[in-house]
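For 20-173, the entry in TrEMBL reads domain 'MARVEL'. Taken from TrEMBL, the feature transmembrane segment covers 26-44, 71-93, 105-129, 149-169. According to TrEMBL, the feature region 'Disordered' maps to 193-230. Look at TrEMBL and you will find 206-220 tagged as compositional bias 'Polar residues'.
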Amino acid sequence: MEGASFGAGRAGGAIDPVDFLKQPQTILRVTTWIFSIVVFGSIVNECYVNKDSQTSVLHCIFNENESACSYGIAVGIIAFFGCIFFFVVDLYFQQISSVKDRKRAVLLDLGFSGFLSFLWFVAFCFLANQWQRTTMSIGVSQGADAARAAITFSFFSIIVWVALAVKALQRYRLGTDMSLFATDQFGAEPSAPYPGYPSGSGVESTDTYQSPPFTETLDTNPKGYQVPAY
């Protein structure tokens, strides 16, 4: 983008909602927001089951490991609210007039996206490992689809958050076009010298000069004057 600062145009420019929603970054945020709902929603609603029909105590479907369910829910909730926060930041990013504030927002996005990518990777590995160790029963079979959905969308979330981190890194490398803040009143550098007078070719021409005054040869013996003889 010509005349852009960290991927956005001049501060105060109008925001086109259609163009904003078509941006790859916006699409990725909405996608991972939906994935987070699927993960923690599946675990909360269907991944706590009865071990058998004779007891009403609910256990985590992932090998009865409460930490697995709790971790999946926690990561899903963090991703859910993180997507909302950065969606709002993207919406008002062009209204940020300070270059330093824009840089901080991009770096925060980069760090958060990388951190969530790691959390989702751990969640995928943790849930998949515990699911493999789970003993099938009547209660487990009822929530099996929800458990598989949580594992699958945890894996998809890794890809999307990595893509968001790459987009943030591209925006950071794009940097700032300082022509947005330059004026015609100042030179490129404070120490730049003032422009001098135009110089000639370095060869002087005698044709451009006139004869100096009072250089005519004077007559040493003017008419009517004689030199006295002594």
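Using N, Cα and C of the backbone, Cβ positions are placed for all residues, glycine too.
The structure displayed is predicted, hence computed values, not measured ones.
Scored on C-beta pairs under 8 angstroms, the neighbour of the transmembrane segment (149-169) with the top count among 26-44, 71-93, 105-129 is 105-129. If you average pLDDT over the domain 'MARVEL' (20-173) in this model, you get 91.
Below 8 angstroms of C-beta separation, residues 6-7, 39, 62, 68, 71-72, 75, 78-79, 82, 86, 89, 93, 96, 147, 150-151, 154-155, 157-158, 161-162, 164-165, 168-169, 171-172 of the same chain, each at least six residues beyond the ends of the transmembrane segment (105-129), sit close to that stretch.
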